[in-house]
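Take a look at the structure below.
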Amino acid sequence: MSWSLCSTHGVSSSIALTYGFRHRRRSTFRIFATSDGLEPKDDPPESPLPSSSSALGKDLKKVVNKTAATFAPRASTASKNPALPGTTLYKVFEVQGYASMFLGGVLSFNLLFPSSEPDLWRLMGMWSIWMFTIPSLRARDCPSKEKEALNYLFLIVPLLNVAIPFFWKSFALVWSADTVAFFAMYAWKLGWLERTE
């Protein structure tokens, strides 16, 4: 039996999976991925800007959303998200997300289960934002700007966690960089620093 992955031309978000046995007919399946099992919703049309940076921003947003929709945890059924704002489940996910960020900091700074050697606890602390905080916050039914910020973070944090140790081997520094990236992305996407008049 042989398996091969090949991309199809003309279909942007699908993969053709081909398998076959010797001396038998080959079959091809197309697999389509969406963020939550539903067809993707179109964003409201934005005013066209002549600059190339807006086109680049749109393309980047599209790639990030597609990648996060493919690899980030999501609902397995096509049901409405029960973690709506104001519900207990929404609060549970929110508290879980920020508590795991805090606990990750405590672990990566070697305050809980201290050791003089690198160990699993410090490693878990370093990766806590990517493993627990971002998925917990993405599980809520949050506004589209916040979901977009979390999609970007889902891709940026692993890059930071892998790249920083090449230059400075510190669990605390990696966790700190992840935290700065987290709040900087929220500030950028949610407009925390914009002036209101």
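Each Cβ is built from the backbone N, Cα and C atoms, and glycine gets one as well.
What you are looking at is a predicted structure, and each value in this text was computed from that prediction instead of being measured.
Feature annotation from Swiss-Prot assigns region 'Disordered' to 35-56.
The transit peptide feature in Swiss-Prot is assigned to 1-52; the stated evidence is sequence analysis.
Under 8 Å from some Cβ of the transmembrane segment (93-113) lie the Cβ atoms of residues 83, 119, 121-122, 124-129, 131-134, 136-137, 139-140, 171-172, 174-175, 179, 182, all in the same chain and six or more residues away from its ends. Under the heading transmembrane segment, Swiss-Prot lists 93-113 (among others), citing sequence analysis as support.
Residues or ranges marked as transmembrane segment by Swiss-Prot on the basis of sequence analysis: 120-140 (among others).
Among the features that Swiss-Prot reports, transmembrane segment is placed at 150-170 (among others), with the record citing sequence analysis. Within its own chain, the transmembrane segment (150-170) has Cβ neighbours under 8 Å at 64-65, 67-69, 71-72, 126-127, 129-130, 134, 137-138, 142, 177-178, 181-182, 185, 189, counting only residues six or more beyond its boundaries.
Away from its own ends, the transmembrane segment (173-193) comes close to residues 101, 104-105, 108-109, 125-126, 128-130, 133, 145-146, 148-149, 152-153, 156-157, 160-161, 164-165 of its chain (Cβ-Cβ under 8 Å, at least six residues beyond either end). The transmembrane segment annotation in Swiss-Prot covers 173-193 (among others).
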